[in-house]
Amino acid sequence: MLFPTEFDVIVVGGGHAGTEAALASARMGAKTLLLTHNIETLGQMSCNPSIGGIGKGHLVKEVDALGGAMAAATDESGIQFRILNSSKGPAVRATRAQADRILYKAAIRHRLENQPNLWLFQQAVDDLMVEGDRVVGAVTQIGIRFRARAVVLTAGTFLDGKIHVGLNNYTGGRAGDPAAVSLSSRLKELKLPQGRLKTGTPPRIDGRTIDFSKLDEQPGDLDPIPVFSFLGRAEQHPQQLPCWVTHTNERTHDIIRGGLDRSPMYTGVIEGVGPRYCPSIEDKIHRFASKESHQIFLEPEGLTTHEFYPNGISTSLPFDVQLELVHSMRGLENAHILRPGYAIEYDYFDPRALKASLETKAINGLFFAGQINGTTGYEEAAAQGLLAGLNAGRYVQEKDAWCPRRDQAYLGVLVDDLVTRGVAEPYRMFTSRAEYRLSLREDNADMRLTEIGRELGLVDDARWDAFSRKRDAVSRETERLKSTWVTPKTLPAEEATALLGKAIEHEYSLAELLRRPGVSYDGVCGLKGGECGPAEPLADDPVLLEQIKEQVEIGIKYQGYIERQASEIERNDANENTRLPDGIDYREVRGLSFEVSQKLNEFRPETIGQASRISGVTPAAISLLMVHLKRRGLGRRNGKAAEAAEQGGGAVPTQQ
C-alpha cells in the first residue's frame, strides 16, 4: 500500500497537548503523524474560551519561548487581553486573553497543516502495538496499523469518558464526541496505575437574551494592549470585546440546594474527584455556605456568534435546575440556554509512573501528556505536550531526554510536582507552586528558555534573531546604566527632586537611581533633558523596545533578590542533579525506615532532588541516601547537565 504507515513519532489526540506535541516533534525533524478522531476539532477549546491567567500565563509564555503555537494563536484570535495582578510585583503578573473559538482553532490548524515533517490523519485509535516493554505503533478504529518508535498519548477526557447531566449519564469524550472506550481498556491491560477524575462545564447562553443594561462591564486593557507571544503584535488582534459581570444571590443558592438530591456529585453517581480551583457551582454553595453571592463572568465565545460562556457556574445539575438558577441572576432573567452544562468523568494515569521526560517507566517509547496525567487546563496540557513531543523526537534520535528544572521554568515545576507527588485531584498551575517565582516571571521566559530551545531544535531563525537582538540590547543597556554616573553638579537639584523627591548628595550611577521606589527606566533616561538615555535607540520595533526596557528595569530593581535566589539555587544544585541508579534497592540503604524505602522503591525517583519531594521522605532519609551513594560510589552528577549549566542552559537530561 502506498499510503504511509511508518513514522518516527505518532501523536494520539488533537487537543492542546496533542497539537503542541506534534508540532514540537516535527520541528525536531522527526517524521510525525497526528491521529485525531475529527480533524475539525483540532485545537478545540472544549470549555472556557480563554487562555492564560495566574500561573497559566507563565506556562503559555514558556511554550512560546520554546517555539510553541499557543501564544501566537491567541494573539491572532484574542478578543480581549488583560494583565492580571498588574499592581503587584512582576513575579505574579499574568496575561489572560478571551479568544474567539473559531479563530483559535483556525490558527492552530493552519500551523499544523503547514508544519514540515507532520502528517494529519482522521481516525480514532483503539489499540496500541506493544512488543515486550516497548511501544511500536497504534491501531485505528478501522484497523489501520501505524508503526512508530515513539507514541505520545494525549487523550484528554476521552478515556472511558462519561457525561453527567442530573442523574442521566452517557458515554462521551465531551459533548458531541465519542469516548475512547477501547483504548481505555487496552491501557488498563498494560497494568499502568490509573484512577478516575471529573471536570465540568457551564451551560452556554444566547447573548441576544441577556439584558446587558443590568450588568457591570469589564473591558480589556487598552493602554498598552497586551500581547501573548514574544513575537506578537497588537495589530494581529481581531476586534476587541468586553466581558460582563453578574452575581448569584440567595435565591440562586436556594435553587441549587433544592436540586442537590438530583445532583450526580451529591448522590454518589460521580466517583471521580473534581478540580479544587475550578469547582462546580454546587460545590461552591456547599463549601462556602456563608457566602451570600458569587461573581459570574459572562464571556463572549467569539465575533461570529451570540454565544456566551458564564464563567463560574459549571454544573451537572438537571437541566430544569440549570434553567432556573440561570434565570435567578440579574440580567439573565430571560436568558435562553443554548447548551446544557455537564460534568464528565474520565480515566487518568498516575503520573508518578512517568519519567521527567513524560515517558512511561514501564513501556519504552510511550509518552503521556495533558489530562491523562491528572492535570486540568489548556495551558498545562500545551506545556506537557510540547515537552512530550520534544522528548519523543529525541527518543527516536537516540538523544538524552530534556526537562527543565524547578528553578528554570514553571514547566519544570509542573512536571516535577506530577512525577514526584502525583495527584489526588486535577492539578492546576499557580505562581504559589514555584519556590523560585521571582526568577520565573512571564517577562523573562524567553531569556530562560529560548537559547535552550534553539539548541534542542525547537526555535526557528525568526524567533532566534528577535531573541538575540533583545538579549544583547538588555545586556548592553544594563551595563550602560551601571557605568553612567551623575553628581550633584551635573544633575540639577530641581530635576533630581522631580524624580527622586530630593536633590542627590553625592555621585550615583543611573542603575542606583533606578533601584529607588517609584523610579522608572523612562524617568532615569529622561534626566538632563534626555542626555541620560541611550545614544541610539535600543530597538526599531516598538514591541521589542518595550520588552527590553521592562527586562532592564526589573533586572536592576530586583537585582539583590534575584542574586539571593540564584545563590539558593546553586546550593541546591548538587541534590537536584545527583542521579539515582536505575537498579538500586532502597531496602539495602542502612537506616532508612520501611515506609521510606517502600515509597522510594515504588516511585523510583530519578534524582536526589525528586526523592526529597516525595511525601514522607525526610531530610534525614536524604542524608542517609547520600551517604549510601557515596559509600558505594553510585551517585553521579549528570555530565551533560553540568555542561549545559556552564553554558547557561541549565538543561537536565533525563535517562531514557
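Numbers here mean position along the shown chain, with the first residue as 1.
Just so you know, glycine gets a Cβ as well, placed from its N, Cα and C.
Look at Swiss-Prot and you will find GLY13, GLY14, GLY15, HIS16, ALA17, GLY18 tagged as FAD binding site, backed by sequence analysis. Look at Swiss-Prot and you will find 274-288 tagged as NAD(+) binding site. The compositional bias 'Gly residues' annotation in Swiss-Prot covers 647-656. Annotation source Swiss-Prot lists region 'Disordered' at 636-656.
For the recorded FAD site, residues GLY13, GLY14, GLY15, HIS16, ALA17, GLY18 set the reference point as the centre of their Cβ atoms, and the other residues of that chain within 8 Å of it by Cβ are VAL11, THR19, GLU20, ALA21, THR36, GLY43, THR154, GLY156, ALA369, GLY370, ALA381, GLY385.
Cβ neighbours within 10 Å of ALA17 (FAD binding site), excluding its own Cβ and spanning all shown chains: 34. Spacing of GLY18 (FAD binding site) relative to GLY274 (NAD(+) binding site) is 23 Å (Cα to Cα, whole number). The two recorded residues CYS278 (NAD(+) binding site) and HIS16 (FAD binding site) have their Cα atoms spaced 19 Å from each other. HIS16 (FAD binding site) sits 32 Å from HIS286 (NAD(+) binding site), taking the CA atoms of both as reference points. Separation of the C-alpha atoms of GLU282 (NAD(+) binding site) and GLY15 (FAD binding site): 28 Å, rounded to the nearest whole number. Neighbour list (HIS286 (NAD(+) binding site), Cβ cut-off 8 Å, at least 6 residues apart, same chain): LEU260, TYR266. SER280 (NAD(+) binding site) and GLY13 (FAD binding site) have their C-alpha atoms 26 Å apart, to the nearest angstrom. Between the listed binding-site residues, namely HIS16, ARG276, LYS284, the fewest other CB atoms within 10 angstroms of a CB are found at ARG276.
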